[in-house]
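Copied from Swiss-Prot, the annotated features are:
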- SER11, ASP14, SER38, LYS41, GLY67, SER69: substrate binding site (BINDING)
Amino acid sequence: MRPLVIILMGSSSDMGHAEKIASELKTFGIEYAIRIGSAHKTAEHVVSMLKEYEALDRPKLYITIAGRSNALSGFVDGFVKGATIACPPPSDSFAGADIYSSLRMPSGISPALVLEPKNAALLAARIFSLYDKEIADSVKSYMESNAQKIIEDDSKLKR
């Protein structure tokens, strides 16, 4: 069964960030679902969603998008069996202090923190590549392409 990434946003204002992640997941051939739920405002709704996804017999992980006070990432990570990747949206408010709510988690709660949407999708792909050859091949091709671009850019400077 093909892996699934559940992109869980704290609110609809995070849709642009979610779409960037989804676009990158497509390049790796990874199926995804985009959902909305707030750990602060709709905790029961989030639990219901997580139970639904956890019942699926397929590889899955969660990418959470929540700004301001990011309780969502820790909440999800504490509930699910697999990996959670926190990818909070950028914020200029309060000199970017929102990020601190994604950095410190209680013991036993360990969402990975990745700030760039493309890199959050790449981490998901790399996790799934451990047991999915198609995704592993996509990741390898992606990494080789990035490396080749650097080499080409360097060769232009050597002239």
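Any Cβ shown, glycine's included, is placed from N, Cα and C.
What Swiss-Prot annotates, mapped onto the structure for a quick look.
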{"residue": "SER11", "record": "substrate binding site", "DSSP class": "coil"}
{"residue": "SER38", "record": "substrate binding site", "DSSP class": "coil"}
{"residue": "GLY67", "record": "substrate binding site", "DSSP class": "coil"}
SER38 (substrate binding site), number of other Cβ atoms within 10 Å: 17
For SER11 (substrate binding site): intrachain residues, at least 6 apart, with Cβ closer than 8 Å: ILE36, SER38
Cβ packing number for GLY67 (substrate binding site), 10 Å threshold: 21
Cβ packing number for LYS41 (substrate binding site), 10 Å threshold: 10
Max pairwise CA distance, angstrom, over record-listed substrate binders SER11, ASP14, SER38, LYS41, GLY67, SER69: 15
Additional residues around substrate, ordered along the sequence, whose Cβ is within 8 Å of the centroid of SER11, ASP14, SER38, LYS41, GLY67, SER69: MET9, GLY10, SER13, ALA39, HIS40, ALA66, ARG68, LEU72
